[in-house]
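The structure appears below as structure tokens.
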């Protein structure tokens, strides 16, 4: 939703913090055993929902991110925008006006209080729900969406505690409904090209990946009463770890077939001092301003290392505070070579275009000509026209709708969502325990060993 009152944030964040304290007291180091919970339903790996001639969509939250999804859905065929819900009238009016302007029927509106979304969920003419709300609402809304018989599509991150992750997994298995965390970066042109190259063996056997969310967002602290900064800022006062791991980690996980033949085993994490936000507040706000009364505890830079069961390593970084250029790293090293992003560059020992692997090949066009992903070949021009983070948003939503209308499994499932998001919690636990390792829960309950690998992904 566009806005959440501060008291609701503080209540939710306080509960999260209390849960973390308990977890940190009881957690051990690498010996920390995370036994799978009893299963209450069939695994949803490869879940295929009955084909939908038309995908009927409801939106919970149509503020900044949610409105972007509304815009993109208006460009898609085979969808009906049935209803929207938000607590902020201005963004409701904007969304309705845009939908009508696109010559689509006016959606039903639900508003009034924080629980108005339940009226939307009570309808029987909605197939999927797009959830774009502050983080603390993601888990309860996703669970209630599936309980209401609908498929849940949730903004990142999926959840804020290990228990929430398990509750969502359990609900998906019991209801046999999809719960996809909408990790849009997996649908970027470069990321999908690398996936294509990996599946064709260009880099050899995979050894190591590097992922990040490096995005200077101090300016969001000036969003006091509404917009993302009005609630996101407070997380820097409540947790110390990787607050936002999935943008970089999602693509690297799919390159490595995490939860489809390999899985995360354990993590170790450490944070730098937390200095930048307090300095920014002192510089940009009056001394008595609310932003100067907060105690910022989240380290400006968090670095985590993940070990997989097959022995691969992944470095994951988070930094939304320091003055530096944007990066997600997107580095993948194999036995035959390496791809690195920001800027994009490649070095391979065999199968390249004549350059030595001792120097970077930064001429990407010839690599696109040979390995551009089938999805981008098919709808890349539409994606570039419709935009959304360079087109990745459009490709993601197009692919979601395609799978639902054609009876195909989604590219990301609830186990991916839980595994990528839980880095938030586990990094916090490790930081608070002198960077000792913390074991990942196996949300698949062992099914990862026999799950079919993710293919090149096409349409």
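Positions of Cβ are set from backbone N, Cα and C atoms, glycine also.
These come from Swiss-Prot:
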BINDING   64, 65, 86, 135, 136, 137, 138, 155, 156, 184, 244  NAD(+) binding site
BINDING   213, 232, 244, 245, 246, 247, 326  substrate binding site
SIGNAL    1-31  signal peptide
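Sequence-distant neighbours of residue 156 (NAD(+) binding site): residues of the same chain at least 6 apart with a C-beta under 8 Å from its C-beta are 181, 182, 183, 244, 246, 247, 421. Note: the Cα of residue 213 (substrate binding site) and the Cα of residue 136 (NAD(+) binding site) are spaced 20 Å from each other. Annotated pair residue 64 (NAD(+) binding site) and residue 245 (substrate binding site), C-alpha to C-alpha distance, rounded: 20 Å. With residue 232 (substrate binding site) as the anchor, the candidate binding-site residues are 86, 136, 138, and the one with the nearest CA is 136. Residue 247 (substrate binding site): 24 other CB atoms within 10 A of its CB, across all protein chains. Classification of residue 138 (NAD(+) binding site) by DSSP places it within a helix. Local packing around the Cβ, expressed as the count of other Cβ atoms within 10 angstroms, is greatest for 138 among the binding-site residues 138, 232. For the NAD(+) site, whose binding residues are given in the record as 64, 65, 86, 135, 136, 137, 138, 155, 156, 184, 244, the maximum C-alpha distance rounds to 24 Å. Each residue contributes its Cα atom, and for residue 138 (NAD(+) binding site) and residue 326 (substrate binding site) these two points are 26 Å apart.
Take the binding-site residues 213, 244, 326: by the count of other Cβ atoms within 10 Å of each Cβ, the lowest one is 326. In this structure, residue 246 (substrate binding site) is part of a helix by DSSP.
Distance noted between the C-alpha atoms of residue 86 (NAD(+) binding site) and residue 245 (substrate binding site) is 26 Å.
Of the recorded residues, residue 326 (substrate binding site) and residue 136 (NAD(+) binding site) place their C-alpha atoms 26 Å from one another.
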